[in-house]
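Novice: Next up is a structure, given as structure tokens.
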Amino acid sequence: MSHTVSVAPLHGRAAELELGTAGNHVESCAQAEPSKPLVDDDDRPLRTGTLWTASAHIITAVIGSGVLSLAWGVAQLGWAAGPAVMALFAGVIYYTSTLLAECYRSGDPVFGPRNRTYIDAVRATLGESKERLCGAIQLSNLFGIGIGVSIAASVSMQAIRRAGCFHYKGHEDPCHASTSPYIAIFGVMQVVFSQIPDLDKVWWLSIVAAIMSFSYSTIGVSLGVVEIVANRELRGSLAGVIGAGAGVTLMQKVWRSLQAFGNIAFAYGFSIILLEIQDTIKSPPPSEANVMKKATAVSVAVTTVIYLLCGCVGYAAFGSTAPDNMLTGFGFYEPFWLLDVANAFVVVHLVGTYQVMTQPVFAYVERRAAAAWPGSALVRKRDVRVGRAVAFSVSPIRLAWRTSYVCVTTAVAMLLPFFGSVVGFIGAVSFWPLTVYFPVEMYIARRRVPRGSTRWLLLHALSAGCLVVSVAAAAGSIAGVVEELRAHNPFCWSC
């Protein structure tokens with residue numbers, strides 16, 4: 001409402017007083033109204049994630065230790081099945097990830113309640129019994145991935161030392177070096193980085209890690225191309241490694257092929273933390289589900305191209321002798337400094353991978369602790385500043401819990417430093433339940449897909465087929481672990 005005021009000279013002072021009073025009233029009202037905090041619809045700090053930060057998180061989680069074993073995987077399967085299996089896994093992962101992305105909000109895809117974690121989505125859609133099952137599988141697999149990442153990082157650090165040894169002492173020198181001290185060093189680094197508050201605050205580490213992954217993948221592919229040129233031929237066969245000449249019996253061929261399935265599944269395993277990554281994306285519009293689907297498409301396309309290059313170039317370069325870790329199996333000896341650079345990039349990348357994969361575990365336990373002991377000194381956060389720029393919010397339970405978790409994964413990694421077999425087993429065990437079964441069941445429940453309909457039958461056929469693959473791959477990987485345990489001494493640091 002507007003007012004027209006006519007002020008005569010005789011009433012000028014009164015008009016000034018009236019206008020001044022009105023101005024003060026407006027000003028006092030403005031001061032009295034508190035400024036709204038920067039929070040989202042669930043009263044959590046404003047999310048700032050985008051398509052590109054979500055893609056960086058996925059690439060950080062996916063490209064890493066898994067990509068290094070793909071040349072070995074293609075060698076077991078051969079030119080006919082190797083690339084086809086990678087493309088098949090990529091298609092399955094992408095499809096089921098789009099189903100899972102729709103589960104971030106219950107009801108309305110824009111304004112519905114958020115399911116901030118995979119476990120929250122299962123509880124909201126399938127009930128508490130399935131939630132407990134999902135929680136046990138997801139957390140145990142994230143724990144296993146932490147072990148696998150620790151092993152992979154230690155192997156790369158060990159390779160840096162061995163590359164220098166081979167360069168100066170010759171290729172005939174065994175240059176023995178244990179991975180145990182390097183696993184311990186990696187564990188110390190993770191104790192420090194694990195105090196980062198949550199996944200939303202680790203975006204910068206994911207971007208650095210993604211850059212590292214592109215760098216060492218490029219180096220690996222380039223060295224493979226140089227090896228192919230030097231050999232003047234493309235090695236390998238349609239059927240892969242088999243026969244007396246390769247020293248592989250038919251039964252060993254079966255077990256190794258199944259383990260290769262597990263390795264490829266591990267290389268694509270990010271569904272386990274997809275909703276946790278989606279929870280970092282800023283609020284609509286567009287909806288978080290649409291952004292996540294695009295991020296998944298970008299990430300799966302990029303990783304598949306890199307995987308095909310690394311796997312196929314590695315197999316073409318080494319044939320049946322392709323190592324289970326392309327940068328550390330020493331198919332390459334020179335230039336040794338370039339191998340050192342590539343393996344250093346791997347270590348930096350795996351520092352980020354460990355954090356992306358373990359932050360959901362940290363957050364789950366800390367939320368349970370905060371709910372169990374509200375207001376307790378154990379969960380009360382205190383700001384700790386390191387220098388001028390870096391500040392952490394730390395509670396006693398966070399410090400103790402995260403440090404203990406890292407110490408346990410480090411200790412188990414020292415006992416089982418078998419890169420290929422452990423990676424294959426983790427990938428096989430987590431693939432079916434977390435990548436296929438729960439996303440399919442939640443999609444059927446949310447969309448109310450009629451039982452017995454064509455879509456219902458096709459979705460269950462996909463789930464059943466992936467279960468068979470998962471069980472078979474787990475069996476092959478267990479056989480590999482048993483075989484390697486016979487020759488392993490976990491207490492020898494110089495072996």
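Count begins at 1; order follows the chain as displayed.
Keep in mind that glycine also has a Cβ here, set from the backbone N, Cα and C atoms.
Unlike curated records, TrEMBL annotations are generated automatically.
Heads up, here are the entries from TrEMBL:
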DOMAIN    48-482  domain 'Amino acid transporter transmembrane'
TRANSMEM  51-71  transmembrane segment
TRANSMEM  77-96  transmembrane segment
TRANSMEM  139-160  transmembrane segment
TRANSMEM  202-226  transmembrane segment
TRANSMEM  261-277  transmembrane segment
TRANSMEM  297-317  transmembrane segment
TRANSMEM  337-357  transmembrane segment
TRANSMEM  425-444  transmembrane segment
TRANSMEM  456-481  transmembrane segment
Novice: If we call contact 3 or more Cβ pairs under 8 Å (sequence gap 6 or more), are the transmembrane segment (337-357) and the transmembrane segment (202-226) touching?
Specialist: yes
Novice: Please identify the stretch among 77-96, 261-277, 297-317 with the greatest number of Cβ pairs below 8 Å relative to the transmembrane segment (139-160).
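Specialist: Ranking 77-96, 261-277, 297-317 by Cβ pairs under 8 Å to the transmembrane segment (139-160) puts 261-277 first.
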Novice: Going along the chain, which residues at least six beyond the ends of the transmembrane segment (456-481) come within the CB cut-off of under 8 Å?
Specialist: 92, 254-262, 265, 416, 418, 420-422, 424-425, 427-429, 431-433, 435-437, 440, 443-444, 449-450
